[in-house]
Amino acid sequence: METLPIFMKLRDRPCLVVGGGEIASRKVSLLEKAGASVTVVSPELHPTLAKSLAEGRIRHLASVFEPAQLDGAVLVIAATDDAEVNRAVSREAQARNIPVNVVDAPELCTFIVPSIVDRSPLLVAVSSGGTAPVLARMLRTRIETLIPATYGRLAAFAAEFREAVKQRFSTGQQRRIFWEDVFQGVIGEQVLSGQEEAARHAMQQVLSGRGELHHGEVYLVGGGPGDPDLLTFRALRLMQQADVCVYDKLVSKEVMALVRRDAELIYVGKSRDQHTLPQEDINQLLVRLAKEGKRVLRLKGGDPFIFGRGGEEIETLMENGIPFQVVPGITAANGVSSYAGIPLTHRDYAQSCLFTTGHLKDGSVNLDWDALVRPNQTVVIYMGLVGLPEICRQMVAHGAPENLPIAIVQQGTTQRQRVVEGTLATLPGLVERAGLRAPCLIIVGQVVRLREKLAWFAPSPEVVSAG
């Protein structure tokens, strides 16, 4: 190890930055975040630095560097484009035993400014010791995706209860075990999901001996339309820490592959006229599993609150006092239309968008047809594959032109995506010949014409033909 990672407390302490350009402005910004009292030495200032000066956040010495300017400084950064000046700053700072960093010159530095993942008060620093800063930044980017932005709130929450926990537990080992349980349990998740008041109440109950630290919870997570890259960071984190996963038919196999490997998997998918479990039984299953103390992932395709019956499920959870959180997902209308190259709104074609379902019941589809055939809008129909012929007939019967563009997308956003385009008059026959299978999404409106120009996603031909 060539360098020792340390964190310096700089609040209200004098720091000197030599240089007034863009790079210097970035270094000044870092020092400002740490609360330092910053003086910039430069004949001229970058607009960002000039703004900071006008707002009274920094001091400015409008001159070239002089050694006397180092007097009193506890840290120095040289960020000029003059190599000789940078060497002089390094030499004079080291003669005074002042830590010095020279940008892009590790041989002149006594400290390195790392790449930083800021989740204040939690900080992660990544450094290559000046040998490969680009690699360090790439690694920092990967770490950024692994640490939720709300981890800073979790660290601040822990600080709030630190003394109370010290009073409650006498040994370091007891405190460590307690905090691990807090961070990995319901209280930690409440903080991360923004339910801090509930977390404080639960923490106070536990510390007073009136509450339990270990109890179950439910994560109602939207798995998106199929492509796992469209998952949110929070969805992925909860998927990888659940004890049991209750999942639907519409969750793609690629998304399911990201669920914690040793989690129990319970399939409750529904298809037309065939339900593995009635909805009320699913609701009660979630309650039972949570009461067993398990972290339950309720994973749904798309978004749980858009035709996903998520509202019914959390009603039951609330009635039974089960902690839960809801993680939105990209609904099929958004994700699938984007991957199909069909914008849902467009200045020239559609100023509004309507979502509905196309369930076929007793040979008919019961929809507000007058609303569906209004001009200058896009209609998106979920679960309408079987009812497609009836949908097209009814739209024409209620005034829509037979040549109105319409498209249907099978397994959108995945490598098995297939798109069939036509009109209200022609699409049912085209779909029958194509042999499409659910899940499918129907898009009706003039925006479908744009697909010819805007289609960008090209699944593997081998996969599509095999599907």
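The chain as shown is numbered from 1 upward.
Placed from the backbone N, Cα and C atoms, the Cβ positions cover glycine too.
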| request: Quick one: which of Met203, Met383, Met395 does Swiss-Prot put in the S-adenosyl-L-methionine site with Pro225, Gly301, Gly302, Asp303, Ile306, Thr331, Ala332, Gly412? | output: Met383
| field | Cα separation, Asp248 (active site, proton acceptor) to Pro225 (S-adenosyl-L-methionine binding site) (Å, whole number) | value | 12
| task | Please compare the binding-site residues Pro43, Pro225, Gly302, Gly412 by how many other CB atoms fall within 10 Å of each one's CB, and tell me which has the fewest. | result | Pro43
| field | Lowest local Cβ density (other Cβ within 10 Å) among recorded positions: Glu44, Asp248 | value | Glu44
| Site extent for S-adenosyl-L-methionine (largest Cα pair distance over Pro225, Gly301, Gly302, Asp303, Ile306, Thr331, Ala332, Met383, Gly412, Å) | 17
| task | Return the maximum Cα to Cα distance in Å (whole number) over the record's NAD(+)-binding residues: Glu22, Ile23, Pro43, Glu44. | result | 15
| Taking the binding-site residues one at a time (Ile23, Ile306, Ala332), which has its Cβ surrounded by the most other Cβ atoms within 10 Å? | Ala332
| Cβ-centroid neighbourhood (8 Å) of the NAD(+) site, Glu22, Ile23, Pro43, Glu44 excluded | Gly19, Gly20, Gly21, Ala24, Ser25, Ser42, Leu45, His46, Leu49, Thr80
